[in-house]
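Per Swiss-Prot, the features are:
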BINDING   H11, D169, G170, K171, K245, F246, D254, R260, K261, A277, K281  ATP binding site
BINDING   D13  Mg(2+) binding site
BINDING   E39  K(+) binding site
BINDING   E52, Q95, D254, K285  L-methionine binding site
REGION    95-105  region 'Flexible loop'
Amino acid sequence: MFSSESVTEGHPDKICDQISDAIVDALLTADPLSRVAAEVVVNTGMVILTGEITSQAHVNFTRLVRDKVAEIGYTDAKNGFSAESCAVLVAFDEQSPDIAQGVNLALESRTSQEDEFDLIGAGDQGLMFGFACDETPELMPLPISLAHRLSRQLAAVRKNGTLPYLRPDGKTQVTVAYEEGRPVGIHTLLISTQHTPTIGAITEEAAVQERIRADLWEAVVQPVFAELPIKPDGNTRFLTNPTGKFVIGGPQGDAGLTGRKIIVDTYGGYSRHGGGAFSGKDPTKVDRSAAYAARYVAKNIVAAGLAQKCEVQVSYAIGVARPINLLVETFGTGRIPDEALLRLVQRHFDLRPAAILAQFQLRELPRQRGGRFYQNVAVYGHFGQTHLDLPWERTDKAALLREEAFAGATAILG
């Protein structure tokens, strides 16, 4: 069995991620060359913005915060956190010139530049992972895919009034049963959702929880699984608000920080993680852009039918354009050797930061999408949301990889 969790947009850490990425969107929309490292802290009645920004853009950060908090659903001060009454403290510095010089002019541009993609160095050292598998149509692990579906539906029934007693904070967790490496059933579903103390005339705590449990099954679980081949059954354990109630939530219940939900943001623990968060960072930061590129590589390999599972690791040195290492691992599911896949990747994917920026248009996307792009992926996962038309989710190289792998496997092996 394997478990993964997701959270709704009203979770304190996710509030921070969305504000951080709304800042990235606003700055890149006005100045695509902005350098951003925006960190956010939320607590009862307070939002703190800090980090480093170098940009020609002028942004009203206080208004941006209030608009995003209201959009998420915190509009009532009685809940301990409200868009219009919370304090907003802003404390940004500029990016360190020592870091900037390595990003602006990579080591290669000062020693052995071959083309324009050697100009930009990695914004930091680090290692990033990308992953894909064939458990779902979007080529994501099934546990995290289901957890995100439940969280998204939980937020939807709150916002559309189906369950008006719900409040913005919520979490989901799904445990999937596997046999011989393939998902075969749903072992446990867990939904914790913030709610009002009473529901209409229902005031007794146990009765409130009974109503919530029944409503969540009908309005959240059943719609999510309606058209899926694997469904909960009589053996599935269904848990809702196991503490007995969840009235106090959001920033009033827990402080939130940017970058504390990196497993929710990626593969639900199914794949390894390099440790770097995504939100609040402009795409010169390889924590973000290289993780997107690694997902793109892995997804195209699986989409090509060259493996059932694929994990890609890439690492960088600060101020250096070319990756330090590249690793392809298919866990015994590859149709050609991993060494052959590595050679294919080296031939067809350019993982220098400037090349990633150019291919995915990561600096231009906020402006192209009307001022909001990164904030949309700051909740419900940076991977697998195919409805958002994310460039790293495309499988436009799958046919090429398939053709070359099977036509020239011997040549690739050398």
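Don't overthink the numbers, they just go from 1 along the chain as shown.
Just so it is clear, glycine is given a Cβ too, placed from its N, Cα and C backbone atoms.
In terms of Cα distance, the binding-site residues that sit within 10 Å of the residue listed as 'K(+) binding site' are K281, chosen from G170, D254, K281. Taken residue by residue with DSSP, E52 (L-methionine binding site) is part of a strand. Around K285 (L-methionine binding site), the C-beta neighbours below 8 angstroms that are at least 6 residues distant in the chain are A37, G123, D124, G276. Sequence-distant neighbours of the residue listed as 'Mg(2+) binding site' (same chain, 6+ residues apart, CB-CB distance under 8 A): V7, G256, L257, T258, R260, K261. Sparsest Cβ environment among the binding-site residues H11, K245, K281 (other Cβ atoms counted within 10 Å): K245. Mean pLDDT of the predicted structure over the region 'Flexible loop' (95-105): 63.
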